[in-house]
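K.L.:
What follows is a single structure, and I will ask about it in a moment.
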Amino acid sequence: MTTTKSERKQNSAGAAATTGAGQGSRPSGTGGSGRAQKSRGAASGGPDGMLWVAQFALIIWALISTIPLLWAMVSSFKSNKEIVASPWSLPSRLNWDNFVRAWNEAHIGQYFLNTVVVVGGGVVLTMVFSAMAAYVFARYEFPGKRLLYYGFIAGMTFPVFMAVVPLFFVVKNLGMISTYHGLILVYVAYSLPFSVFFLTSFFKTLPVAVAEAAIMDGASHYRVFFSVMLPMAKPGLISIGIFNFIGQWNQYLLPLVLVPDESKYVLAQGLANLAVNQGYKSDISGLFAGLTIAILPILVVYVIFQRRVQAGMTAGAMK
Amino acid sequence: MNHGKYRVIISFLVLPVLIYGVFVVSPYLQTFYISLTNWRGYSTNPPFIGFGNYTALFKDDVFWQALLHNGILLVVLPVAVIVMSLFFAFMLNAAGRKKGAIAGVPGSGIYRVVYFFPYVLSVAIVGILWVNIYNPINGLLNGFLKIIGLGHVQPTWLGDPNLAIWAVMAAMVWNFVGFYVVLFTAGMQSIPNEIYEAALLDGAGRAQTFFSVTLPLLWGNVQTSLVYMGILALDGFAIIQIMTNGGPNNSTQVIATYLYQTAFNYGQFGYASAMGVVLFLFTLILAAITLRVTRRDTVEF
């Protein structure tokens, strides 16, 4: 497994050097023997027709993945006039005032702050609560355990919007509409099923012997959890932290329903409101600046931690 | 060993269970009851009307239209996303040859990072971005058509009832392909290289390698992805609400957007909850079908 990975890394790095080894000129037939010949030709490092087609498709998709983002960022520096005149032109000068307008007048700064508070609180609490529950499910036997565990897991199956009408009234009756703590608790609640599921199987893989030894040495169950098990579970906690960070940062339906007060809007909700808001429609460069403010930080974090992010995001689907 | 065991269990579970019970379990259960009432959000004791909402739903054209759109999403989205991402993932992991061994094509590392870009954006931002890309006057897409000499073809995309749902779906595909490329990549990397080498020695080409080696060994991942995509296709709320709000003429309406409008724009909470319950049943049926259809002998390695 590890050797394969390093080989692949090497390959993508030194690939350019291996092309043009002379095998490329070998005619590749279509028959059975030609096919064998083709793969042998490719085996010694040369390019062949099929590979060029594939590379072409790969490059096209890479462009499709990136150009919309680049376009939004370039447009955020253009004036409204320039945007309407030609969507593909470059800005004649950098209109930084677009960002100032978006941040202050369109309240992107406020929405950004709200998002940071809610997602920060949501992710931390999700990690704490799901680790506690998962630890109990993984390590202890008690009556009703299966019922509780599967009760948690069932929450992964159904779309949130099915429950959104009663949820609105539950939150309203608790007086938590348009509050940070209300949204945080709801985020935590809907993040628990997957987090508990993931961490339970993670805690099960950790050696029992260490915990038992600590108990023998006179440590309490609490101490074992906080000083022994949690540090050992760090990789799992990081994965689940990243997973929930992106998931909660992504939320749209929950804030839309639970946060009607504009001053408490989260970023996605505030931007969507700007995009459909008639009064703002004339200021399309301001909207692009807002989009850029929302896109850039998450993209930078992703590029820096891309391996961890990809592992965290796909971890759940692999089990 | 068991000293204080129950104290730990209770103290560790009480908060998670309480939060989960109040905000997840109780709303899901309440949906069933509210769907049997004529609740409009004012009275605390809404009139009970039995299955009235369900018979009304049965006669509701918009509901059927929305359901049809969910059905289209359910078929097209998984097929498009999974076929594309399987192709890309295979290219990035097993289509290249490096000193006789199987490897990704040149540049795989970069592609894998770049393809994931759309997935790290929030769905709402993807929606807003694509509304602007489709903008008929200053959008990226019609601008591109002009550049390549197709200036006379300037569709209104989201304004055209025949095109809108496909335009929205394209944005969804854009959003999700990268995730499944990475997912399938992880699956492909756990396939031992010796199996590929044996196939190579037997003279298998790329297509043959893919269909006889990669796909069967990856079937578990494909199955999981189908379930995920299925859940996704039943939702699609954020992107559709932002891009079209279900219009024009309900041509992009799905259950999620219709439910939201019914509840929060028109205050018909009982009727909206009935939609939620119908969808609940669909989800269950879908999960059962997916598990049956995709059941195959798992290939061990």
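Backbone N, Cα and C atoms are what each Cβ position is placed from, and that goes for glycine too.
Residues annotated as compositional bias 'Basic and acidic residues' in TrEMBL: A:1-10. If you look up TrEMBL, you'll see A:13-28 marked as compositional bias 'Low complexity'. TrEMBL lists A:112-305 with the feature domain 'ABC transmembrane type-1'. Marked as region 'Disordered' by TrEMBL: A:1-42. The transmembrane segment feature in TrEMBL is assigned to A:50-71, A:111-135, A:147-171, A:183-203, A:224-246, A:284-305.
Buried or exposed, and what's around them? Tell me for each listed feature.
P.N.:
The list of residues near the transmembrane segment (A:111-135) in space but at least 6 beyond its ends in sequence, with Cβ under 8 angstroms from a Cβ of it, reads 152, 180-181, 183-185, 187-188, 191-192, 195-196, 198-200, 202-203, 225, 229-230, 233, 237, 240-241, 244-245, 248-249, 255, 264-271, 293-294.
Residues 118-119, 121-122, 125-127, 129-131, 133-135, 137-139, 149, 152-156, 160, 167, 171, 176, 229, 233, 236-237, 239-240, 243-244, 247-248, 251, 254-255, 258-259, 264, 266, 315-316, 319 of the same chain, all 6+ positions outside the transmembrane segment (A:183-203), place their C-beta atoms under 8 angstroms from a C-beta of that stretch.
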K.L.:
May I ask for the residues of the chain that lie six or more residues beyond the transmembrane segment (A:147-171) and have a Cβ under 8 Å from a Cβ within it?
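P.N.:
For the transmembrane segment (A:147-171), the nonlocal Cβ contacts are 133, 137, 177, 182, 186, 190, 192-194, 196-197, 200, 253-254, 257-258.
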